[in-house]
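J.: Per Swiss-Prot, the features are:
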ACT_SITE  359  active site, proton acceptor
BINDING   7-10, 21, 72, 77-78, 138, 152, 167, 223, 329, 347, 362, 373  UDP-N-acetyl-alpha-D-glucosamine binding site
BINDING   376, 382, 383, 401, 419, 436  acetyl-CoA binding site
REGION    1-225  region 'Pyrophosphorylase'
REGION    226-246  region 'Linker'
REGION    247-453  region 'N-acetyltransferase'
């Protein structure tokens, strides 16, 4: 049994953003949720998030999670922020885990190691890491496992700044925590109450303070846009490695972007520059071409999305293909063996088995029957300026190039629409519809006009 407190009240001025720092996205998900999910993995008895700057937005992001919220009205430092949780946890005996909302790389295993030290008798345990460049972090003074002190960088003399072992911002405490917090003073350059000052307070009360050396990567926090990009790179590298370990082929993996919510099956091939977002799900043997973008899109086994195609909220069934340079908008459903080619846009439309739309077409609010061919330049004119209307095309029909089908309209099974037609009435099954002016040839006119006759 333990309680976990996540500190998420900081303003994040160096981000230069109106968005609270902990809500900046990492791989499509707010930074804070990484810290929250690591905390939940250890099944805490109580989970408190301390919010402050932009707190209303932060609380909104926490909706649906089993958390309690404490407020820090004034930004007076990390110790002051943690003290705001006392009202919720006053009767909780401990131990307590404390982490930061802007440190998203911490693993449950590392947090468990901190907690274990307190359960084994330490009063306080803090996570440390050795960084090649420790700029911006508090430095650790220690003797063996025992921590002698923790000095904030802004208050550190040069010889202490030279130390590369830093405070990674994660702690475990025994039940003495809130009593100790009330002894923290703000006698420092920033006039703030620092959480690391608890090291000296715990030691003064005869309680052991231990360091747990962690992986340097996990200590990375986010205070600037550059650090945000660095942390996102770490998360991406981990995610790519995980999927390649499960049988996904990535060609030039360092160029591929994907989010944790994406699901991939074995033998999927991702070409350079592929972007996979949201609830995208890709089945076995599928291929995603160079610089294709898929968001909330499903590819059933064997489907292909070719280069530079953008798909949002689409569903491709086995053997279907789209691209290159196709656009599939929400509600686009391509059944088995459908092919949508270059510069074809499909929106809120069902294309039945074997439909071909090779190039330069727009299919919106349409249903196209099995085996039908859509010629180049075909448009379903679905919008009359006020409402959207449906176009229905039957099985094995042929829609000639550069035709416009003005909805609402139906073209029957095995019907033909002549090239260049504007269809405003239903076309019966098996009929030929031609809606254009009859061609006239004026003999000799061109030669006379050009003066060569």
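Cβ coordinates are placed from backbone N, Cα and C, and glycine is handled just like the others.
Are these features on the surface or tucked inside, and what are their neighbours?
T.: In the three-state DSSP assignment, the secondary structure recorded for residue 359 (active site, proton acceptor) is strand.
Long-range Cβ neighbours of residue 362 (UDP-N-acetyl-alpha-D-glucosamine binding site) (same chain, at least 6 residues apart, Cβ-Cβ under 8 Å): 344, 345, 347, 378, 379, 380.
If you draw a 10 Å sphere around the CB of residue 401 (acetyl-CoA binding site), it holds 17 other CB atoms from the protein chains shown.
Residues belonging to the region 'Pyrophosphorylase' (1-225) score a mean pLDDT of 94 in the model.
For the region 'Linker' (226-246), same-chain residues at least 6 beyond its ends with a Cβ under 8 Å from one of its own Cβ atoms are 15, 24, 26-27, 31, 34, 104-105, 217, 220, 253-254, 256-258, 260, 264, 266.
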J.: From the binding-site residues 376, 383, 401, pick the residue whose C-alpha lies nearest to the C-alpha of residue 9 (UDP-N-acetyl-alpha-D-glucosamine binding site).
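T.: Looking at Cα distances from residue 9 (UDP-N-acetyl-alpha-D-glucosamine binding site), the smallest one goes to 383.
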J.: What counts of helix, strand and coil residues does DSSP assign across the region 'Linker' (226-246)?
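T.: Residue counts in helix, strand and coil order: 20 helix, 0 strand, 1 coil.
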J.: Would you kindly give the Cα-Cα distance separating residue 359 (active site, proton acceptor) and residue 329 (UDP-N-acetyl-alpha-D-glucosamine binding site), rounded to the nearest Å?
T.: 16
J.: Restricting the comparison to the binding-site residues 167, 383, 419, which residue's C-alpha is spatially nearest the C-alpha of residue 359 (active site, proton acceptor)?
T.: 419
J.: Let me know the most crowded of the binding-site residues, choosing from 7, 376 and counting other Cβ atoms within 10 Å.
T.: 7
